[in-house]
Ligand SMILES: O=C[C@H](O)COP(=O)(O)O
């Protein structure tokens, strides 16, 4: 049985009080409403991590994640945050390779491979994002695009380390656009991704790897998406900023 995960990516949103209210609401609602076999993760801006971590306390099914980290452990890298720094705050997960990082900050697969190593070396778990842009989908090259992102960004890991990774397939054309991939499109790609993992690491590892879908997921479509056999949950952007919507998604299995 694969781990079911609903991860919220707050992106660069929410001021201090807003972040604290949202995190408190999510923790309380998840305790009462989210099925116990679903992990809820809040991936917040760096400035909110420590407070959100303390609001989560010893909650059994809620975790905290960062949205990025740097490749190096310390040094003269003004403005960056390292994996050891995140680990020292007890951060559980780190999103890596989100399409916004790839597009606006020029993150390459090679850099993401190093970041993945840094996260794992510090006993945190990567949520590794990848996915094709609209032109690639229209050209029918989405599978090749995803295969390259995986093989260059994360398939260098040992099977043991890969077993700790969460994959997040996010078709870039569906992010923040309101245009969700159909459940059939999601399932087709998730199955292809699982086959790629199986070809590299074997079927047992592939069967255990959580593969999340991201891109305009919301309460009204989460149930159909999560009902697909290879969709193990979601990486939720906009809808993770409203506690009720986010929790409803966590109940959509
Ligand atoms: O990381 C989350 C994705 O970018 C999805 O964002 P969205 O749910 O706002 O489309």
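Keep in mind that glycine also has a Cβ here, set from the backbone N, Cα and C atoms.
Please treat TrEMBL annotations as automatic predictions, because they have not gone through curation.
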Recorded substrate site member, picked from 36, 158, 216, 220, that accompanies 9, 10, 11, 176, 237, 238 in TrEMBL: 216
Listed binding-site residues (176, 238), ranked by Cβ neighbours within 10 Å, top entry: 238
Residue, out of the recorded positions 11, 98, whose Cβ gathers the largest set of other Cβ atoms within 10 Å: 98
Residue 170 (active site, proton acceptor) and residue 238 (substrate binding site), distance between Cα atoms, whole Å: 14
Mapped DSSP class for residue 238 (substrate binding site), helix or strand or coil: helix
